[in-house]
Amino acid sequence: MSAAVLLSVLFALACGQAASFCIPTEYTMYVDRRECAYCLTINTTICAGYCMTRDINGKLFLPKYALSQDVCTYRDFIYRTVEIPGCPHHVTPYFSFPVAVSCKCGKCNTDNSDCIHEAVRTNYCTKPQSFYLGGFSV
């Protein structure tokens with residue numbers, strides 16, 4: 001293998017490791033309220049991807065804030081509100097959710113993100129579905 005090819009491969013690997021791939025990603029979620037007749041399928045965007053992290057040796061000697069890792073999180077987002085069809089009059093039929101506009105690698109903000117790794121939850125409807133298409137329910 002020539003030196004130029006070897007150098008270009010090493011350069012590509014180094015750039016791939018240093019770059020963060022944290023971008024808005026399409027995501028489908030299902031809103032299922034017990035009291036309402038329908039489940040609402042919502043297409044939105046969330047922040048997902050890879051952020052560069054390091055595991056520090058000598059963790060015993062560092063303060064806790066120095067041990068936190070960067071995560072892929074919201075830089076800018078907006079909230080959208082939809083109406084879940086088939087809800088009785090005594091139930092509030094509105095559901096608000098964040099839509100990622102741009103993302104960044106940074107500390108997790110508990111004001112707008114779930115920062116705890118949970119077990120995988122089922123993400124499906126248990127009732128007939130109604131779809132939300134960006135401005136109105138169908």
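From the backbone N, Cα and C atoms, a Cβ is placed for every residue, glycine too.
Its Cβ taken as reference, Cys22 (disulfide bond) is surrounded by 22 other Cβ atoms within 10 Å in the chains shown. According to Swiss-Prot, the feature disulfide bond maps to Cys22-Cys72 (among others).
Taking the Cβ of Cys87 (disulfide bond) as centre and 10 Å as the limit, one finds 16 other Cβ atoms among all the protein chains shown. If you look up Swiss-Prot, you'll see Cys36-Cys87 (among others) marked as disulfide bond.
Within 10 Å of the C-beta atom of Cys39 (disulfide bond) sit 19 other C-beta atoms, taking all shown protein chains into account. The feature disulfide bond is assigned by Swiss-Prot to Cys39-Cys125 (among others), with similarity to another entry given as support.
For Cys103 (disulfide bond), the same-chain residues 6+ apart in sequence whose C-beta sits under 8 angstroms from its C-beta are Cys22, Ile23, Pro24, Cys47, Ala48, Gly49, Cys72, Thr73, Tyr74, Arg75. According to DSSP, Cys103 (disulfide bond) sits within a strand segment. Per Swiss-Prot, disulfide bond is recorded for Cys47-Cys103 (among others), and the stated evidence type is similarity to another entry.
Annotation comment: Swiss-Prot describes Cys51-Cys105 (among others) as disulfide bond.
Under the heading disulfide bond, Swiss-Prot lists Cys108-Cys115 (among others), citing similarity to another entry as support. According to DSSP, Cys108 (disulfide bond) sits in a coil region rather than a helix or strand.
Feature annotation from Swiss-Prot assigns N-linked glycosylation site to Asn43.
Taken from Swiss-Prot, the feature signal peptide covers 1-20.
Looking at Cys105 (disulfide bond) and Asn43 (N-linked glycosylation site), their Cα atoms lie 23 Å from each other.
Secondary structure at Cys36 (disulfide bond), taken from DSSP and collapsed to helix, strand or coil, is coil. Here the candidates are the disulfide-bonded residues Cys39, Cys87, Cys108, and by Cα distance the one nearest Cys51 (disulfide bond) turns out to be Cys108.
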